[in-house]
Amino acid sequence: MPTIRPRVGYLALGGTIASIPDEPGAPSRPGLGAAQIAAAVPGLTDVADVAGEDLLQVSSARVTMPDLLRVAARARELVDGGADGVVVSQGTDSLEESAFLLDLVWDRPEPLVLTGAMRGASVVGADGPANLLASVRTAVSPQSRDLGVLVVLGDELHAARSVRKAHTSSPAAFVSWPGPVGWVVEDRVRVAQRPHRRPALRLPDAVEDVPPVALVTATLGDDGRLLGALPDLGYRGAVIAAFGGGHVHTSWLDPLRALVGRMPVVLASRTGAGEVLSRTYGYSGGEVELLEMGLVRAGALVPLQARLLLQAALLAETDVAQAFSTHAGGELR
């Protein structure tokens, strides 16, 4: 009796994993489709029946929230149609943001796995084939169910909420705090810790316009004058990437008070790890004063994630403070 292989949907968006030069020695650009990328992976068909689709053919700097909502909708169709999991490949530059946004809206137990490559398809030591193979293994593994969105590169499994691109060009560019949730070893998936899943945020499958949200970073000596320009520029929300546990120069206080009266403003930390404090520093410009002023605490979300969650909350027309209370933690269990 023939063995029934698992089924995996593969959605390709472009990126380095799909990039080749127009001619020898020329810069590379996305040019390979899903079928071509999958065909270059030895042993892939032994793991699963992989059905590839090309949704985009762009660098990840051009991926948008409407694009990703379309990805989520198609991934749901695939698992509802019997796929055991879905793999999405894209460029790595914005991959951590894509993973977080998809994790916000992914409401299925089947694995949704994001991957990419740090070396183009024609480069010696190209990592795309190995990453795609590990991602497909992850997508069909029972251990990967109910983990939300995972990022798989270099045989490591990262939770969508904690993964970061930490190097511009290293093959080991992706890290997460407190570390990967699992790995692929000897052709098997091992999960060491399980991300805590939250209720999915319901967003439309198709949108044209996304509420614009500004990300403003506190820097040494900056007086915050940019804050006053945000409403007239059409922004509907703002994220402040503050110093340390959530602090700004005192010159920011009046502009922030005015801004809070016109749009939701979220307080995040620019440090990249840890969480925004709530009751530690009582000096002027400290987190206690800012939260009392009406800024919304980003919790453990980094500024890039806080911006996406604020955009999603505005798009869903849901209460911003409640959205951050529900989605801003970063616990593992």
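Any Cβ shown, glycine's included, is placed from N, Cα and C.
Taken from TrEMBL as is:
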- THR16: active site, O-isoaspartyl threonine intermediate (ACT_SITE)
- SER60, THR92, ASP93: substrate binding site (BINDING)
- 8-195: domain 'L-asparaginase N-terminal' (DOMAIN)
- 213-321: domain 'Asparaginase/glutaminase C-terminal' (DOMAIN)
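Within 8 Å of the centroid defined by the CB atoms of SER60, THR92, ASP93, the record's substrate site, lie the Cβ atoms of GLY15, THR16, SER59, ALA61, GLN90, GLY91, SER94, LEU95, GLY116, LYS165, excluding the listed residues themselves. Binding-site extent for substrate: residues SER60, THR92, ASP93, maximum pairwise Cα distance 7 Å (rounded to the nearest whole number).
Least packed by the Cβ count within 10 Å, out of the recorded positions THR16, SER60, THR92, is SER60. Close to ASP93 (substrate binding site) in the fold, though at least 6 residues off in sequence, lie SER59, SER60, ALA61, LYS165, each with a CB less than 8 Å from its CB.
Residues in the domain 'Asparaginase/glutaminase C-terminal' (213-321) partition by DSSP class (helix H, G, I; strand E, B; coil) as 42 helix, 20 strand, 47 coil. Looking only at the domain 'L-asparaginase N-terminal' (8-195), the predicted model's pLDDT averages out at 98.
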